[in-house]
Amino acid sequence: MTIKEQGTITIHSENIFPIIKKSLYTDHEIFLRELISNAVDAIQKLKMVSLSGEFQGELNEPEIQITIDKEQKTLSITDNGIGMTADEVKKYINQVAFSSAEEFINKYKNNGDQQIIGHFGLGFYSSFMVASQVEIDTLSFQADAQAVHWSCDGSPKFQLDESSRTGRGTTVTLTLQEEEQEYLEPARIRQLIKTYCDFMPVPIKLDGEVVNQQKALWKQSPQNLTKEDYLEFYRYLYPFQEEPLLWVHLNTDYPFILNGILYFPKLKPDVDVSKGQIKLFCNQVFVSDHCEEIIPKFLLPLRGVIDSTDIPLNVSRSALTNDRTVKRIADYIAKKVGDRLKELYRENREEYIRCWQDLGTFVKFGSLNDDKFNKQVEDIIIFRTTYKENNPQPETASETPAVQVQTEDDAWQDVTPATTEPAAAKNGEVYTTLKEYLERNKERHENRVFYCTEPVTQATYVQLHKNQGLEVLFMDSFIDSHFISFLEQEYSDVKFTRVDSELDETLIDKDKAGEIVDPTTNKTRSEQIKELFEKALNKPKLNIRTEALKSDDPQGTPPAMVLLPEFLRRLREMNALMQQQNMEFPEEHILVVNTAHPLIQNLVNLNQGSVIQGEGESPSGQLVDLMCHHIYDLALMAQKGFDAEGMKSFVERSNQVLTRLTER
Ligand SMILES: Nc1ncnc2c1ncn2[C@@H]1O[C@H](COP(=O)(O)OP(=O)(O)OP(=O)(O)O)[C@@H](O)[C@H]1O
């Protein structure tokens, strides 16, 4: 039989190739992925016919070769796969390939600007985006097959001849168009193979050298992989990055097929978390590294690979977001991530705490955004606590064993520990869950949480609580202010009080309050002190309160503190947020003067001494005034720090006070 045939491919649009080219004006490079995918398929098909016994010849080592001929301006892709007979070329190339080309055009000619993930599976005809002529030289595996040569210049006309080829398999040769000469550069081709075909399971050679690494770790069974395998793969995908904290291996084939490995990286403040870094594959072929539509938003900081043949890849990105399977896949991924975190919490608390510093924000963000995820992780959200920190707390605050009901068949419950004893990190920091905190403190302050948002500026207040055995939680990451509001909705009976917003009853020594010190006026010491400060500061909006703060050592408590009621602060914070400004510290705050502090007591004595003096303000009286200002400034400084003006007058006054004192 001799083959010599010229024909016209039956398609309905006369000249489809310019349209294809235009529709995909940014994605021309994907032709190589499509041709190499066909070559891999051809090799796998040969393996199948060999397994079924249909082919009994020598399989040879499977391989794909890419050859560049700069003089002829050709690029060819050769496989040693199944090959095609003349009839198959007519059927698969002239009919199948071209009818799908036509289908593509009908679908996209009017909306070429739609964003589509990776234009996947466009197939053989995508080669006409870059080639002015495409030739196929192929020999089928079938016994007595005759090699054939097919060529087409992009018009619907093709030519089919006999070929002198002797080796089984197929070579597709593209004569590149003038404006597509970049594909004659080995470096460019190497880069494309690395990007799209790195994990395809057949060696791909360029200039005799294998370019792709072939092994797709995510397709392997997790049981056969070691920690080092996962780390090595991470380093390969994201070179020069810090080691990941932990990872999740996804592996399911029902109700959809999904494989993948997701890593939790160390979150850096400068990383743009709205941009995904997860790579999307379809059957080991790279599709895109933007899969924001598939991954739940809060999981975007994760890295790694997902691979699924069930994600529709030739629909617009917006359609993808609404696809049912994609939604189910997103839910599945979120659930697996939650499971992994719980597993770590259960099995290695110390490691969990170490990771928490990086994962915490991400888990809280997930809880805020995804109800199901929140339910899953609510019992493993932890906060740093002052419990037992540095100095053990008094006996009264000792451990109250929690009564946690656990049912054996409920795997979700099993992360809750049997005691309320919080876990400690390597550096001695102690972490606890909210439930543990509430349970542990229910006798002292039921449904009440004391928290600190800035460990440095609020240190005095934290210390005061600690001294009295009140446990404080640190809610000091940037997401915590939202998270506290969220927790208040979730735990509607619980009141959250920032350490600097009010003084808990337990911090005040009520017995000392009513002591009368001036029999002539019948004034208590408290009243005297209040008047002293009111006169000296002369700030009508400032609410001055006098209290004796409880302490074994009054020097250990502050002489005065500034409080800003919780509701007032939040209102201000919200306003500031809406106007995108920093919160101005309101004038209507509270100044608590600690009547038990020796400094305040000395001040009263000094003031009494000054009264005896005659006309005008005595030097002692002036010093008392200065000291009141100074004490107030110190209290403000502990609460919010100073602006430039405040700092200037603080320093000036400090110098005045010191001068006065040294004069005496
Ligand atoms: N290198 C090859 N060796 C053997 N047959 C091939 C080769 N390339 C293409 N074919 C045949 O041509 C057909 C059409 O290829 P084309 O790439 O257009 O579509 P496809 O591979 O079937 O699907 P997809 O859209 O996923 O690429 C293939 O199904 C295959 O039968």
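A Cβ is built for glycine as well, from the same backbone N, Cα and C atoms used for every other residue.
Here is what TrEMBL records for this protein:
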DOMAIN    27-180  domain 'Histidine kinase/HSP90-like ATPase'
BINDING   GLU34, ASN38, ASP79, MET84, THR170, ARG317  ATP binding site
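Feature map: TrEMBL annotations on the structure.
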residue : record           : Cβ contacts under 8 Å, 6 or more apart
ASN38   : ATP binding site : GLY123, PHE124, VAL172
ASP79   : ATP binding site : ALA39, VAL40, ALA42, ILE43, PRO62, GLU63, ILE64, GLN65, GLY169, THR170, VAL202
MET84   : ATP binding site : TYR92, ILE93, ILE136, THR138, SER140, VAL148, THR170
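Cβ neighbour count for ARG317 (ATP binding site): 16 (other Cβ atoms within 10 Å of its Cβ, all protein chains included). Secondary structure at MET84 (ATP binding site), as computed by DSSP, is coil. DSSP gives THR170 (ATP binding site) a strand state. Counting neighbouring Cβ atoms within 10 Å of each of the binding-site residues (GLU34, THR170), the lowest count belongs to GLU34. DSSP gives GLU34 (ATP binding site) a helix state.
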